[in-house]
Structures are given as C-alpha cells and as structure tokens.
C-alpha cells in the first residue's frame, strides 16, 4: 500500500510491465466486454434488493397488511400509526429502523470479511447472496407484520453485504477498469431499484406485487457470475498459457477464482495492520460521507414533508429516494471523465449538506419541495463520487498481493457510516416528533 500520496499508475502500466498476464489479442476485446458487462450487472443485482427495501421503508412501517388481504393493498395506504397532528406527519417508528435492519447484518459480514471470509470459495458466497435476495422479496411481500417484514429486510442486507465484499475482492484478479463498471452497476441498482418501486406503485401495483415482480433480479445475478464473467488467469507471470485459456472460459467451468496464490489469505497480521493503516486516509472520509448522506436519507427524508403539494407523504419519500439514487448512479458512472484525488473534500461537502437540511427540518425555511429535490440530487452526486473514487484510488496504490485485502477492508467504510447514522437518526426522529 503506497498510502494516500502514493504514485498514480496508468490503467495499462501493470499490463505493459507484465505482458504474460494479458489474454491473446484475438480474445482480449471479447473478454474485456464480457467482464465489463458482467461486473456492471453484478453491481446492479447485488444492491438492488437493498435499495428496494429502503424505498419501501415508509410502506413497511406505515402499513401492516391484514391476513387474506394482500392482493388488495392500496399502493398509497393511509397510515394508522401516524401522528396526524404533527407537522412532520411522523410514523410511530422512524424509517431508520428499516435502515438498521438493512445495514447491521452487512456490517457484521464486512467486519468478519478481513478475518476469515476470504477462506470461503467465491461460488458458494455468490449462491448464498442470490438465495438471500430472493428470500427477502418473498418474505416482505407476504408479510403480515412489521416484524416479519424487517426479517425480510435482514435477508436483503445479508445478500448485499456478502455480495459486495465478495465482488469487490474479486476485482483484485481483473483489470482495474472493472472497478468503474462495478461502481456504475451499484449506482444503476440505486436508480433502477428506486425508480422501479416508485413507478410500479405509482401505476397502481400493490407493494406486494411490486416486490414479487423483482424476483428475476437474483436470477440475473447468478447468471452474470456463472455464465457471463470470465475466469481470471493465475497471478504468477509464468502461467501465460493457462491465463489465455481462462480468459475465454465462464466461471462455471473454472475453479480459478476460488483459491489464488498471493491472495489475502497469505498475509500476516503485521502486513494486514500495515495495509489497514495506509487505508485510513480513504476509510475515514468515506465513513463521514455515508454517515452524513444516510442521516439525511433515513433520518430527515421522512421529516422533509410538504403539505402544499400534489404528492402524498409516501410519494414524497419515494421521490426523494429515487432522486438520491439518480445522483449516485450519475457520479458512480463518471470515473472516465472525472477523477477526484482528495475524497476528504467530498466528506466536508456532504456534512455541510446534512447541516443545511437539518436546519430546514428544524426551521422550515425552504419554500418548495423542488428545492429539496435539487439538494437531494446533489447529495447523491457527492456520495457516488466518494465511493467510486475511493476504490479506484486504492486499486491504483496497492500492490497486487495486498489489493484483495484492501478492497475487502475498505468496503466496511460505507456500512459503518450508514450504521452510525441509523443509530442516531432513531432518537432524532422521536425527539422532533414529540416536539411538533
């Protein structure tokens, strides 16, 4: 790990120095696009259930379906648990409760990842992730209570957390360009997940049927990994012939990514500690960025309620989520045209964003919901830029033997920030709703 001030490498420098790692010319282009599309789809599918659960948070908490009536759910139910006299139109439980159910299992998985998760082969991890994602949609769709729905949200969290640490670690065995495609895919998951939930419910489909219609996404995740992504060649320079063959094979036909010489399983505790210290200049800003933006998303979105608009409270919440995810998608897809070295600047701007919106919740000085829409879009742009540039910079500055461990370790940053924001958003929600 070269540290935050380490030398930036060009995308092709490593390949030029070690041409044995490249596939033959006739296969290089095809393998490149298969891996690019593969990692984009993996990012899309991996984060999809997580995003949908956050988009459905208001519905999960404000509406408990009675047995036998699932097929006749109003897509914009009138909540029975609201404080209608409150200027915030508060739920009895903050949407941060859904955030915590959607993130704490991910936090546990990411904490364990650098310690021993790497010993588990990749394919079983991907299968587990896909099954949990499908289970989350089914459990929430057929749930009759908030408690059961939150169990479904936990499954979505397990799926997303296990998938993220798995696929980010896997990027260590591919060209660095796949990080940009993965990040763009995760941004696409945010936009398509929030937009599909918003669009289908706005069109009159019930939340239950909306969730069941998304069961094809976990199947696409498994298909992308086993049939589309090509197997990376061996890390050692002497394996050119085997690398050429592997570049043309789908993962379902190869054991290549399961055990890698030079992977993080061979690092000593001292080496891991040294790498971790070098990563702190990226971990800390990313924690702050995600703390600020998810404090806004799950702590303030529900309280940024405008009565003088044609949108209901539930519809306003869904629009906030969709616009945030649109900003994330745009910035996570921008690496080729805009690269940011100093990610701490993004953390500062996001914290200012939080302070401004918190002041508006308290003082109500913004006259129109459309101003809030613009601020939320800007919030998403900051968050997405912080994510993609952090992992891109780490990929440039870590050696090949440290990269898998560095990716798995740094991906805890967003989860830690989100978890802290959820813990603080819950008492803030109760405090403001009691005052109003």
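The backbone N, Cα and C atoms fix where each Cβ goes, and this holds for glycine too.
Automatic prediction, not curation, is the source of TrEMBL annotations.
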* To do: Could you check which of 73-93, 178-198, 241-261 is flagged in TrEMBL as transmembrane segment?
  => 178-198
* To do: Could you tell me which of the ranges 324-343, 344-363 is annotated in TrEMBL as transmembrane segment?
  => 344-363
* To do: May I ask you to indicate which of 9-28, 369-388 is given in TrEMBL as transmembrane segment?
  => 369-388
* Paired segments the transmembrane segment (369-388) and the transmembrane segment (210-228) in contact, 3+ CB pairs under 8 A -> no
* Asked: Any chance the transmembrane segment (178-198) and the transmembrane segment (344-363) are in contact, meaning at least three CB pairs closer than 8 A with a sequence separation of 6+?
  -> no
* **For the transmembrane segment (344-363), sequence-distant contacts whose Cβ falls under 8 Å of one of its Cβ atoms, 6 or more beyond its ends** => 88, 281, 284-286, 288-289, 292-293, 295-296, 300, 303-304, 372, 375, 378-379, 382-383, 385-386, 389, 432
